[in-house]
Amino acid sequence: MRPIPSILGALGAFATLSAAAPLESTLYGPGASHARSMLGSSFGVPGNQTFDYVVIGGGTAGLAIASRLAEQGAGTVAVIEAGGFYELNNGNLSQIPANDAYYVGKDLDDWQPGVDWGFHTVPQAGAYGRASHYARGKCLGGSSARNYMAYQRGTKSSYQRWADMVGDQSYAWENFLPFFEKSLHFTPANDALRGANATVQYDPAVLGNGQGPLSVTYSHYVQSFATWAQKAFLEMGLAVRNCFQSGELLGQSFGMYTINATTMHRESSETSFLRRALAYPNFMVFQSTLAKRILFDGKKRAVAVQLDTQGYRYTLTARKEVVLSAGAFQSPQLLMVSGVGPAATLQQHGIPLVADRPGVGQNLQDHIIYAPSYRVDLITQSALLNATFEAQANRDYHERAAGIYANPTSDILAWEKIPEPKRSAWLSNTTRRALAQYPADWPEIEFLTMGGFFGYQNNYVRDNPSDGYNYASLAVSLCTPRSRGNVSIASADAAVPPLINPNWLTDPVDVELAVAAFKRARDFFGTSALKPVLIGDEYFPGERVATDAQIEDHVRKSFDTIFHASCTCAMGKREDQMAVVDSKARVIGVDALRVVDASAFPMLPPGHPQSTIYALAEKIACDISGAC
């Protein structure tokens, strides 16, 4: 969707970093002990070794829980990560917020092997048999280095539902909230750089004490489209809310993002939790290393992890526990190749059965996204295709941490239930009854203002119009997905990609809601508030897409995932045969093994799961260490 900053800009950014301090100082920060002042002290050399805890996956949850276990004195901790530093393996692209749409398109070749696994789905019935690239972070930071950086929490009722599903009230809003706050280092908006008509509202009482490692803030740049969109949302009946961190979502707000408040670089679990943990003498990372299999003793206790570093095989032994944080696709995959999963699947691949858990890989839930687009009489990220504008934007970003490159494409997030009378007119009785099962505060649709062109989402960079116009879109995402997918294995070898079947848009309720959501996006562009800035009629898909059948057809062709895959190692009560982990994230049927990532969610809360993944990691770390 956006061009790469100029080579001079990229080199300038690197030169600034190099001149300021050696790499070790940059990563460790002030106050690091002399004994750990060399970067290599925190990175393991391949070979058989023993630790108290072995964490598989250096992603969003993995680095958070590993860092906390080391910090809280639980013992020695090793982290296994298949990738390396995204700052080195992806140029500036992963660090600059405005470049978050690189290598995330549906096309199977729109991926970058330095930071992405290159996974793709099996052909999707809900998308006319299309298989899609599904971006997943293969780097330190995992998908927190690949996501769109939105930081927002689910609703109070969604966490209450979680608590009820797993039989543990520690997941109810009031009890779970401290673990959200624990991660945060919140910085208020810089109004001087954000400009006019971009005032934010937030509740500081739910944003922690500022001692957490994870920087959350507002972008230093607000696209003009957002200020007009705010008026349009008000016209649609969506009131301004306080920052979406207090367990309430219905309404609109400028979004908070995981961005470094000083540099406007992406904040990930690597730049936050890992960099803090590098100073701990009981912490070690094995990067560029693939976990092949979890090993169990005769009592079904997880005792070690078999690894592969560029063909060299070795084992890390865990005295206390193995923590699996490989994500919604690879956590179930690794369980299955290790002998934990549906017995029939394991038998098919000749894998000795350790524990028959039929729920492993099932219950996959996800959010989809799509958008109509207009030409607008405003500066949007489309302007970055103009060389003069891009050069100035490059200077603004690298010299002042300002300008459009500091903006992660979306400014305002908004949520709603389809309002009456359109609800009765657009949705069938069956769909309305199904949606009535969700609590009153649980939204059905999310809106995201986007300063750019969306299109079919095959390849944002390649497909961005270069006709000199500025484009804006209103993306919509479904918050009540009822379609259920699954993850399975194609081989007993963890190096062979898993079989990913999100099963998007296979439930009729999802399909009806998807059509209604598209109509609401058109309502947005039809407001009187936006008339002064729209140029012509709807550009994409255009007025030829008019009937419900045509809208459904268009949605099926144009939607993509927003990369919220979850629930494939679902948490539940121990008596539930489909549950994979209990409320302490312990794998049912074996000992000394936990799953801590989005795969352990019992259900997908509305909105963006990043904050909940961090909170879950914080909570389970405290459960393990007992030192919180």
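Glycine too: its Cβ is placed from the backbone N, Cα and C atoms.
The Cβ neighbour count for HIS564 (active site, proton acceptor), using a 10 Å radius over every protein chain in view, is 24. Feature annotation from Swiss-Prot assigns active site, proton acceptor to HIS564.
What Swiss-Prot lists as FAD binding site is THR60, ALA61, GLU81, ALA82, ASN147, TYR148, MET149, ALA150, ALA598, PRO609, GLN610, and the listing cites similarity to another entry. Residue density at GLU81 (FAD binding site): 30 other Cβ atoms are found within 10 A of its Cβ, drawing on all protein chains shown.
According to DSSP, ASN48 (N-linked glycosylation site) sits in a coil region rather than a helix or strand. ASN48 (N-linked glycosylation site): 11 other CB atoms within 10 A of its CB, across all protein chains. Summarising the annotation, Swiss-Prot assigns N-linked glycosylation site to ASN48 (among others) and lists sequence analysis as the type of evidence.
Secondary structure at ASN92 (N-linked glycosylation site), taken from DSSP and collapsed to helix, strand or coil, is coil. Per Swiss-Prot, the feature N-linked glycosylation site maps to ASN92 (among others).
Sequence annotations record features per position, and here Swiss-Prot assigns N-linked glycosylation site to ASN197 (among others). ASN197 (N-linked glycosylation site) carries neither a helix nor a strand DSSP state and counts as coil. Using a 10 Å Cβ-Cβ cutoff, ASN197 (N-linked glycosylation site) registers 12 neighbours.
If you look up Swiss-Prot, you'll see ASN260 (among others) marked as N-linked glycosylation site. A 10 Å cutoff on Cβ-Cβ distances gives ASN260 (N-linked glycosylation site) a total of 20 other Cβ atoms nearby, all chains included.
According to Swiss-Prot, the feature N-linked glycosylation site maps to ASN386 (among others). Sequence-distant neighbours of ASN386 (N-linked glycosylation site): residues of the same chain at least 6 apart with a C-beta under 8 Å from its C-beta are GLY468. DSSP classifies ASN386 (N-linked glycosylation site) as coil under the three-state reduction.
The annotation N-linked glycosylation site is assigned in Swiss-Prot to ASN429 (among others). Sequence-distant neighbours of ASN429 (N-linked glycosylation site) (same chain, 6+ apart, CB under 8 A from its CB) do not exist here.
The N-linked glycosylation site annotation in Swiss-Prot covers ASN486 (among others). Its Cβ taken as reference, ASN486 (N-linked glycosylation site) is surrounded by 18 other Cβ atoms within 10 Å in the chains shown.
Residues or ranges marked as signal peptide in Swiss-Prot: 1-20.
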| Same-chain residues at least 6 apart in sequence whose Cβ lies under 8 Å from MET149 (FAD binding site) | PRO97, ASP100, TYR257, THR258, ILE259, ARG266, GLU267, PRO408, GLN610
| request: Sort out the sequence-distant neighbours of ALA598 (FAD binding site) for me: same chain, 6+ apart, CB within less than 8 Å of its CB, listed by position. | output: ALA61, GLY327, ALA328, HIS564, ALA565, SER566, CYS567, PRO609, THR612, ILE613
| message | List every residue in the same chain as THR60 (FAD binding site), at least 6 positions away in sequence, whose Cβ is under 8 Å from its Cβ. | response | GLY141, GLY142, SER143, SER144, SER268, SER269, ASP597, GLN610, ILE613, TYR614, ALA617
| task | From the recorded positions ASN48, GLU81, ASN92, ASN260, pick the residue whose C-alpha lies nearest to the C-alpha of ASN486 (N-linked glycosylation site). | result | GLU81
| remark: Taking all protein chains shown into account, the Cβ-based neighbour count within 10 Å for GLN610 (FAD binding site) is 26
| message | I'd like to know which of the recorded positions ASN92, ASN147 has the most other Cβ atoms within 10 Å of its Cβ. | response | ASN147
